[in-house]
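Working notes, structure below.
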Amino acid sequence: MCFPVGYAAVFIVPVLSCRPNEYKTNDGQCCPMCNKGRVVRKDCTVYAGTQCRFCDLGTFMNQPNGLYNCFPCTSCDTGHGLFVKQNCTATTDTVCDVLNGYYCKDLTDSNGCSLTEKHSQCAAGQRIKEPGTSRSDTVCEDCQPGFFSKDGVSCTAWKVAVPHHIICNNTGIILYTVLL
Ligand SMILES: *[C@@H]1O[C@H](CO)[C@@H](O)[C@H](O)[C@H]1NC(C)=O
Ligand SMILES: *[C@@H]1O[C@H](CO)[C@@H](O)[C@H](O)[C@H]1NC(C)=O
């Protein structure tokens, strides 16, 4: 498949720079760029425009270009807390987002994520002040004096032991207790 783009803008003498919608070939000529989703198959000549080809499956090109290869699509690594939010197309890269229990450490331009971290667990003696989200880590807070937390989730007040007498009958069976 070939897709000549416009007419060839070829200069015989190598040029320093090309116009915005043109690219410079290896031998210094200016040729019309290929559109998104395509790359150069053959540079333009005096007789013909640039020949472009579509990106193969698993590759993409998201800008007008004078490149000879499409970019490989990003894969979303579930082992690192990512899943596919939007599949790769010929003109856009894959967009990854964050699995539950992880948050994003590196957002991409397309509002996707390229790097995640697991949510932190709060330590014993702390509580979860704010649960982690897909964009932020867990916020922990120390328990106030008089409170404790064994699991690092929430703080509980210490129960103060109440002094009391235990009244038993003569076989040692507790009948009732009396607060002092
Ligand atoms: C991406 O493509 C795969 C395979 O074609 C499909 O199973 C999946 O549902 C697609 N995911 C999204 C988010 O479109
Ligand atoms: C002691 O109290 C228990 C429970 O009320 C009762 O069953 C038991 O008979 C009592 N024993 C005596 C010796 O009073």
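Heads up, residue numbers simply count up from 1 along the chain you see.
From the backbone N, Cα and C atoms, a Cβ is placed for every residue, glycine too.
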TrEMBL annotation: CYS52 disulfide-bonded to which of CYS31, CYS34, CYS70?
CYS34
Return the single candidate from CYS70, CYS73 listed in TrEMBL as disulfide-linked to CYS55.
CYS70
Second cysteine of the disulfide that TrEMBL assigns to CYS31, among CYS18, CYS44:
CYS44
Among the disulfide-bonded residues CYS34, CYS70, point out the residue whose Cβ has the most other Cβ atoms within 10 Å, with all shown protein chains included in the count.
CYS34
Tell me the Cα distance separating CYS34 (disulfide bond) from CYS70 (disulfide bond), rounded to the nearest angstrom.
11
